[in-house]
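See below for the structure under consideration.
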């Protein structure tokens, strides 16, 4: 894997763990407009930094200060932050001072929530964009698919991921995961209310990421909603090939005489839509069952490519 020729926009990845390392390999293998400029960590013995060095990527184990002090820092146009919500605020402050675009893979939520197939084009000029969460990247497109056909009163998602794919960063950010995903189900997905649940599944051998999406919407045309969901799934497959519907979309009409009680909204009737997803990872660095991590890195790469092609080239 040789570095891309000059003319590509240089990027830095902050965080040399699973997500950062997988993202690095994606940039090097599949980056159309991007080139690795730096891999940044805080553990000199991490596998991610060692792998980056072997691949010829400049590295530092001195964190954000080490990045700023690197000889090639002035060439960095985009930085991906794959650390933690707590660390991101400081990283963002430093990077903004130097005019570097930031793609945030933590649940820090400093910039607008972005899901590539839903709202990326609205936020191409934002200095910082937030990739929501793995569960958000998988499920928000489905809520948006229902929402563009029928007004969604409530959306609830359950993201089930293998315990093995949940590293220390994921585990430390569980509360942020649920809050961030719930908010983005509304602000990006279009639901009036949203709820997110994450399940760490300890099964061996590890299971692939599975997501269940429930929406309660105003009455709508079932065939139109199903077609919208299928079209959206195909759009996500454009950058996450392992994303798929596990079965046909299911519908249930909730009568006004037997309404569902929705927290914050009260008794509601309408059309309940149930969508079942599976996300298989591309296995660039992470195992195929870690689709939850793969969808984050794939979405971040898609955003960076679009930024590079539409904003940085201008």
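Even glycines carry a Cβ here, placed using N, Cα and C.
In Swiss-Prot this protein carries:
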type: BINDING; residues: 16, 17, 18, 19, 165, 166, 167, 168, 169, 170, 171, 172, 173, 292; note: NAD(+) binding site
type: ACT_SITE; residues: 134; note: active site, acyl-thioester intermediate
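A sphere of 10 angstroms centred on the C-beta of residue 169 (NAD(+) binding site) encloses 20 other C-beta atoms. Ranking the binding-site residues 16, 18, 165, 173 by how many Cβ atoms sit within 10 Å of each one's Cβ puts 16 at the top.
A separation of roughly 14 Å, to the nearest angstrom, links the Cα atoms of residue 18 (NAD(+) binding site) and residue 134 (active site, acyl-thioester intermediate). A 10 Å cutoff on Cβ-Cβ distances gives residue 171 (NAD(+) binding site) a total of 11 other Cβ atoms nearby, all chains included. According to DSSP, residue 173 (NAD(+) binding site) sits in a coil region rather than a helix or strand. Taking the C-alpha positions, the distance from residue 171 (NAD(+) binding site) to residue 134 (active site, acyl-thioester intermediate) comes to 13 Å. In this structure, 167 is the one among the recorded positions 134, 167 with the smallest number of other Cβ atoms inside 10 Å of its Cβ.
Here residue 165 (NAD(+) binding site) is positioned 11 angstrom away from residue 134 (active site, acyl-thioester intermediate), judged by their C-alpha atoms. For the recorded site, the residue listed as 'active site, acyl-thioester intermediate', the DSSP three-state label reads helix.
Under the DSSP three-state reduction, residue 167 (NAD(+) binding site) is assigned to coil, being neither helix nor strand.
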